[in-house]
Amino acid sequence: MSGSMATAEASGSDGKGQEVETSVTYYRLEEVAKRNSLKELWLVIHGRVYDVTRFLNEHPGGEEVLLEQAGVDASESFEDVGHSSDAREMLKQYYIGDIHPSDLKPESGSKDPSKNDTCKSCWAYWILPIIGAVLLGFLYRYYTSESKSS
């Protein structure tokens, strides 16, 4: 390992039974922290490092949003915004490596939405109050119209 960057070779399958050699570049958090300007901007999302410098002017939320998260772990902010599947797919083109395993903090719970079941009941937070309000409205109309007819 030289400096704050390391490369590891790994082999895997391409899904067609062929062995494929893949190379992962590891970055230390100190290295990522240096990349926090308009000239070079790196983000860490779920242990993966992304060079989003080319995306600064295109980001729908503006470059300020990216600059606030530059050089640090932006996983929580990324998930809080609720990025679309298209945005997650687009992120792949900016991938440059992973955070070095010794710099990863152990996660108590996964923030990956594909593994997170809490949002499956998110609709209940909105639909139940709406149904309740509609029912109250009907009851109010029923009782006020009944009192007028008697």
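Backbone N, Cα and C define each Cβ position, glycine as well.
The annotation heme binding site is assigned in Swiss-Prot to His59, His83. The DSSP secondary structure for His59 (heme binding site) is coil. Note: His59 (heme binding site) has non-local neighbours Val52, Val65, Leu66, i.e. same-chain residues 6+ apart with C-beta under 8 A of its own C-beta.
The feature N6-acetyllysine is assigned by Swiss-Prot to Lys34. Around Lys34 (N6-acetyllysine), the C-beta neighbours below 8 angstroms that are at least 6 residues distant in the chain are Gly71.
Under the heading N6-methyllysine, Swiss-Prot lists Lys39, citing a large-scale study or a structure entry as support. According to its DSSP assignment, Lys39 (N6-methyllysine) is coil.
Per Swiss-Prot, region 'Disordered' is recorded for 1-20.
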Worksheet item: Judged by the number of other CB atoms within 10 angstroms, which among Lys39, His83 is the least packed of the recorded positions?
Response: Lys39
Worksheet entry | Cα separation, His83 (heme binding site) to Lys39 (N6-methyllysine) (Å, whole number) | 24
